[in-house]
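Take a look at the structure set out below.
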Amino acid sequence: MAFRATINRILRHRRFPNSANSTLHLTNNTRCFSHAPSPSPSQSFKANDKDPHSGSSSLKDNELAKFAAISDTWWDSEGPFKPLHLMNPTRLAFIRSTLCRHFKRDPYSTRPFEGLKIVDVGCGGGILSEPLARLGATVTGVDAVEKNIKIAQLHADLDPTTSTIEYCCTTAEKLVEEGRTFDAVMALEVIEHVANPEEFCKSLAALTNPDGATVISTINRSMRAYATAIVAAEYILHWLPKGTHQWSSFLTPLELAMILHRAGINVEEMAGFVYNPLTGRWLLSDDISVNFIAFATKTQNTI
Amino acid sequence: MLKKTVSSVFAWKIPTRSLCTGVVNVPASTVAEILNENEKKENTISSNNVQQYDIAIVGGGMVGMALASFLASMPMTKQLSVAIIDSNPALSGSMSIKKEDPPDPRVSTVTPATISFLQDAGAWKYVEQNRHAYFDKMQVWDYTGLGYARYNARDVNKDFLGCVAENKVLHSALLSCIKDSDFKKTIYPLRLNSMTLNRSSMSVVEENMSSRESSSAQGQCAKLQLSDGSSIYAKLVVGADGGKSQSNQRKSITEEEFLKDVNSALDYGYGPHPTSSLSGTRDVFSWFKMGTTVSANESFEIPPKITKLASERMVFPLSLRHANSYASKRVVLIGDAAHTVHPLAGQGVNLGFGDAYSLSRIIAEGIALGTDIGEVNLLKKYEAERKPANIAMMAVLESFQKAYSVDFGPFNILRAAAFHGANYIPPLKRSIISYASGEQNFPIFL
């Protein structure tokens, strides 16, 4: 029951009070995250495409290989990344409104993110990074796949506004080691491909400035998501190549909120993405049963 | 160094699935001046003297200027730099319109919806300073004399059904509105010779990244070559260059004969006037009386006679055309460049203004979300909004036109009955008026 109450609170956009710890205690009726199936739970998301870890988790190598194979088509809006291109404006609408509210920026300005340092973790071809740069932010894009970074850099150089984006082929962990921090950390559609989500969230938290924002989007681990995001999207409509997503790696909103909380980040708002097949457009909604996005802030007292 | 990089860019191995360099097919036939060129390897980009714009509007007629003026009036878009390409001299100087000038034969009827768009943009006040005429009643009758319909603005509780204004008045109002604001626009009094879209392949990664100069920043833009040899670059090219109709002056019949023809068409030349059905058929509809519209009570008004022509006669060929698609990468069509209709309901330019309004809103939405304004997904949103509405209007007008070209006894009676129906059924009449006023996008007469 406590969990339902918590998730309702999240949906009603209320700030978590500092005594929120008590409501997030583990009870038995939800899958305990630390038992989540993962071949090598102790390994954090380190990837180095120059020399893959020997004997390491095949899960993450497969993930990298999957993306490296289709990296040429990132900017082909009719290609395998078409669903991402279509969903992009909707994600940006959420990001724009939450970040403007959090950083107290004028929502009617054309460059509301002027002066903000944002990192796009798992930027891929730069589909999210480029609009963020156009909105005025100083963007750093990181991705573990070298090819993606090259494609992203080439495409960003075509427009003077986006040529200022800094692209690095690295991981969140390495950035933490370098001691870099950002005002906002974006990790959209990444966490479902990561070997150890908990470590990943800790890295994201370390990258965020105090009172900074973290935005994570992923797919819910629900039956509906299985039917929609895997069966329909991969096998029936062929929007995504088969095997892009593993249902077992999906996280429920509650699990995500929990691991973020353990990393010192409180989820403030969540929204879902819904696809309207008649208009072919994605919309923001309260329905978090398939795709959802969470806006979180770093609390003053980190764990 | 630059040339080497550019030529090596184009020498990449291109896998079969990807985009290819070179020729791009621009959708509609009316942007006919655009020739397809092959790759612009040679003269590349000297970033110093080539101007780069956000939007290039090809065609500075009413609809093109309306788009510029809507963009200038919205906070999200007023910082865009716009180039307007039109060789019309009216654009460069401020040719003032004197009240003593004889009325121009080229006039348009603007619907209340268009008037509200122009008011929002701040252009309508300039129209009111010049000659314009609001009208509140409209009477339509069948040449067989069997039926008529009267529409009154009071039917929908409005003051007017529309306004008639000369095209040059509308045009100069839009121009003044743009000049007022500090909108960054540049007018090129030239014609467009050709346009190239650089579709460089992104598929193969180049190892040598050392020459990432700003000159490649133009790589993603469309390059427009103008008639004086200069070129400009634009992120988005808007085709607003009209339906290519040429007006020519024909002097085959004299003025008196022309006047006689027009008067007889209005009077009894084709058939008897419809009898005003105040007494006769009203009994049948008397139980509708509660909601009857004002205009149903009015009798048929005999049109006034025309005594003299105030200007020259002109002939305009009519056409019905529609582009297959309004949008492709970096190019979008609005107004007559996308669709031309029969003038019988005065909707042509209003559809164009609707297009300009909708495109300006979509561009503002795109800028708010940091999208590249030339991106095809964004432009397709504009197409999805306007195409069904435009096609519906064209279908309605075309069916009217076809219905009137048939002169066959029983069909005429059917047609007249339809007229009567439209005249006397209030909800139908109100929705016809609101559709024609542009308040409703689809002819759903419910």
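A Cβ is built for glycine as well, from the same backbone N, Cα and C atoms used for every other residue.
No curator has checked TrEMBL annotations; they are predicted automatically.
Under the heading region 'Disordered', TrEMBL lists A:31-59.
Counting only residues at least six positions away in the same chain, the Cβ atoms of A:R91, A:D120, A:G122, A:L128, A:V215, A:I216, A:S217, A:I293 sit under 8 Å from the Cβ of A:L188 (S-adenosyl-L-methionine binding site). Residues annotated as S-adenosyl-L-methionine binding site in TrEMBL: A:R91, A:G122, A:D143, A:L188.
TrEMBL lists A:E189, A:E192, A:H193 with the feature Mg(2+) binding site. DSSP classifies A:E189 (Mg(2+) binding site) as coil under the three-state reduction.
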Inset, instruction - Among the binding-site residues listed here (A:D143, A:E189), identify the one with the smallest other-Cβ count within 10 Å. - result: A:E189
Inset, instruction - Write out, in the order they occur in the sequence, the residues of the chain not among A:E189, A:E192, A:H193 that have a C-beta within 8 Å of the mean position of the C-beta atoms of the recorded Mg(2+) site. - result: A:G122, A:V190, A:I191, A:V194, A:T218, A:I219, A:H245, A:S249
Legend entry - Count of other CB atoms lying within 10 Å of the CB belonging to A:R91 (S-adenosyl-L-methionine binding site): 25
Legend entry - Rounded inter-Cα distance in Å - A:H193 (Mg(2+) binding site), A:D143 (S-adenosyl-L-methionine binding site): 12
